[in-house]
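Asks: Here it is, the structure in full.
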Amino acid sequence: MLLGRSAAELESWAVAQGQKPFRGRQLHDWLYAKGARSLSEITVLPKAWRESLKEDGVEVGRLKEVHRSVAADATTKLLLSTDDGETIETVGIPTDQRLTVCVSSQVGCPMACRFCATGKGGLQRSLRTHEIVDQVLSVREVMDRRPSHIVFMGMGEPLLNSQAVLDAIRCLNDDLGIGQRRITVSTVGVPKTLPQLAELALATLGRAQFTLAVSLHAPNQALREELIPTAHAYPYEALLEDCRHYLAVTGRRVSFEYILLGGLNDAPEHAAELADRVGGFQSHVNLIAYNPIEEEEFQRPTRARIEGFQRVLERRGVAVSLRASRGLDQNAACGQLRRRRQGS
């Protein structure tokens with residue numbers, strides 16, 4: 001696949017194909033600036049070379065749109081098909097100032113979080129670099145707007161596909177011009193992966209300036225294991241210690257994600273316990289009101305409970321914000337569209 005390769009890699013590849021280096025630069029322009037979907041579109045390349053590449057099975061690496069869902073607030077969810085017939089979701093979330101793309105890193109997810117639609121179907125496979133990059137290009141194409149921010153908060157556990165994720169970040173940064181500080185990688189926590197991520201990011205990117213978001217979703221180990229079955233293998237304090245190590249190695253503060261589930265983890269005492277855990281930590285807590293999924297027992301908390309939880313954290317000196325809910329009328333929570341289409 002050509003998508004995902006850097007300008008230098010495309011130049012070297014073109015030379016190896018018997019072409020001049022500038023042919024690689026032309027390819028780069030058509031892949032990333034123009035968003036070409038096939039070699040036949042790249043008419044600046046010699047026709048004979050294009051035909052030869054097709055015969056050799058060389059492809060651009062774009063995915064096919066299977067379904068599109070647009071909410072009243074213009075949040076746009078795409079269901080994309082890979083070349084082996086799997087489907088993944090990506091979401092474009094627009095505001096006046098920015099366009100955030102929520103990308104998937106795997107087909108399905110092995111973490112089985114009880115409140116997540118994606119985890120219901122398990123893991124099929126990890127995505128390749130070009131499949132991650134394509135999601136951003138697809139949203140740009142459909143919404144006719146340049147993405148400004150990227151969040152790895154779609155289907156899958158990014159840290160179980162670290163190299164492809166980091167390679168995609170390099171591409172998004174260098175080839176699409178999206179700054180690392182505008183990219184967030186979210187993880188529910190997998191033992192040993194946080195220290196590895198810090199080292200791998202430095203090796204792959206030369207620096208680690210993207211934001212790491214760790215999904216806590218509970219203020220203690222017992223409740224976390226109830227919500228996230230895999231958490232039993234990763235004690236709460238060990239997870240926080242690995243976050244401190246990541247901060248020390250990269251110099252980047254950690255963001256903690258906390259999904260508020262009505263009547264389960266949204267009480268003032270939960271907020272106080274969470275503040276005790278992360279207080280004094282160079283971090284930020286991002287609260288997320290639960291987005292209901294079909295056939296699930298969890299409830300979205302009331303506005304009063306959400307605001308009360310946030311006030312407790314603020315009074316304890318914890319940096320906190322509440323993520324705006326988007327696309328509620330179109331079931332924009334991760335995995336819902338794919339799950340619905342598979343069941344139909």
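Counting starts with 1 at the first residue shown.
Cβ atoms are placed via backbone N, Cα and C, with glycine included.
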Asks: Please pick, from Ser81, Ser186, Ser255, Ser321, the residue that Swiss-Prot records in the S-adenosyl-L-methionine site together with Gly156, Glu157, Ser215, Leu216, His217, Asn291.
Replies: Ser186
Asks: Over the residue list Gly156, Glu157, Ser186, Ser215, Leu216, His217, Asn291, recorded for S-adenosyl-L-methionine, what is the maximum interresidue Cα distance in Å?
Replies: 19
Asks: Give the mean pLDDT for the domain 'Radical SAM core' (95-329) on the 0 to 100 scale.
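Replies: Looking only at the domain 'Radical SAM core' (95-329), pLDDT averages out to 93.
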Asks: On a count of neighbouring CB atoms within 10 A, which of the binding-site residues Ser186, Ser215, Asn291 is highest?
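Replies: The residue with the most neighbouring Cβ atoms within 10 Å is Ser215.
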Asks: Select the closest residue to Leu216 (S-adenosyl-L-methionine binding site) from the following recorded positions, measuring between CA atoms: Glu89, Cys102, Cys109, Cys113.
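Replies: Looking at Cα distances from Leu216 (S-adenosyl-L-methionine binding site), the smallest one goes to Cys113.
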Asks: Measuring CA to CA, name the entry from the recorded positions Glu89, Cys102, Cys109, Cys116 that ends up nearest Glu157 (S-adenosyl-L-methionine binding site).
Replies: Cys109
Asks: I'd like to confirm something. Which of the recorded positions, Glu89, Cys113, Cys116, Gly156, has a Cα closest to the Cα of Cys102 (disulfide bond)?
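Replies: Out of the listed candidates, the nearest Cα belongs to Glu89.
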